[in-house]
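Record features, source Swiss-Prot:
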type	residues	note
BINDING	Val93, Asn119	substrate binding site
BINDING	174-175, Asp195, 230-234, Thr256, Asp282, 311-314, Ser357	NAD(+) binding site
SITE	Arg258	site 'Important for catalytic activity'
SITE	His311	site 'Important for catalytic activity'
Amino acid sequence: MKVVLVLYDAGKHAQDEERLYGCTENALGIRDWLEKQGHDVVVTSDKEGQNSVLEKNISDADVIISTPFHPAYITKERIDKAKKLKLLVVAGVGSDHIDLDYINQSGRDISVLEVTGSNVVSVAEHVVMTMLVLVRNFVPAHEQIISGGWNVAEIAKDSFDIEGKVIATIGAGRIGYRVLERLVAFNPKELLYYDYQSLSKEAEEKVGARRVHDIKELVAQADIVTINCPLHAGSKGLVNAELLKHFKKGAWLVNTARGAICVAEDVAAAVKSGQLRGYGGDVWFPQPAPKDHPWRSMANKYGAGNAMTPHYSGSVIDAQVRYAQGTKNILESFFTQKFDYRPQDIILLNGKYKTKSYGADK
């Protein structure tokens, strides 16, 4: 079979750390394993445009593997072109770069799987870190020191505690709930969540969280909002100028879910105006982010309020070890035709939805 892996280039960093599996050089640790089985293996970072390596190899690819950190956008046009395609694997969590609805509607016998749970702890930790970086005004403080400065007042005037704040999550699934668990130790005033379904009574009581059914009511009550929901048709552009009007003035917003859940220009404008005191996260649209992306340069009135990073929250080394092994497990099941996948990994099975996170059969 022809297996195409779309990963990012790491250069010398791949030699520095052999467990940097998400790069072309280390190829999820499975290139030799695949080739020894006789598969035709293509590993590339070149994924955009008609002349890309991905485009040139998609017509006869049986399997395409990508990551959320350097996503291969599998569009309707590419699906139509990929006549032999049977399996799409996401080495990580998040299949929104694939046109899942089109696969479902087309009747194609294509399965989509991801390595569920491989980076939930990694992302949850990054969420809490980003909150602290924003609320404590860490980035300007660090930049001040690097540049040789020392002005405590300049930093302290825009620095606060997390304790005593109302913190809300949009999405309380595997990642969102782990964020709530970690926030308990900070003694917030209240923890809120917005989701299509309630947590169990036991889960709610464990973290002391309260469900809010209306998203506008949720953001109006929160000092800090964190986005932890999947990207799908219903969540794309969810955080826009209209919703931002309902945020408590001067709130902080953290997004490690997907960049397209927020309208980039609207968020940048809200930070500039002071409606948001700051925005931080690691997800962008598209990825890699263009040099003129508004989130690269956005700032509040103090020149602060920006805690953006490249998309790496779920790509720390521990997570890469987990999603590399999970990808190999999926491939073993596929190649041996056992198809005994972990149920939680299946997004589409033979073109049919097996999860409520992204859509429903058409």
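Including glycine, each Cβ sits where the backbone N, Cα and C put it.
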Sequence-ordered binding-site residues within 10 Å (Cα) of Arg258 (site 'Important for catalytic activity'), taken from Val93, Arg174, Ala233, Ser313, Ser357, are none
Rounded Cα distance, in Å, between Asp195 (NAD(+) binding site) and Val93 (substrate binding site) is 19
Out of the binding-site residues Asn119, Thr256, Ser313, Ser357, the residue with the smallest number of other Cβ atoms within 10 Å is Ser357
Spacing of the two Cα atoms, Ala233 (NAD(+) binding site) and Asn119 (substrate binding site), in whole angstrom, works out to 23
Cβ-Cβ distance under 8 Å, sequence separation of 6 or more, same chain as Val93 (substrate binding site); the residues meeting this, in order, are Pro68, Glu114, Val115, Thr116, Gly117, Ser118, Asn119, Val120, Gly314, Tyr323
Long-range Cβ list for Leu231 (NAD(+) binding site), cut-off under 8 Å, min separation 6+ in sequence, same chain only, gives Gly94, Asp96, Ala257, Arg258, Ala260, Ile261
Candidates Arg174, Asp195, Ala233, Arg258, His311 (recorded positions); min other-Cβ count within 10 Å returns Ala233
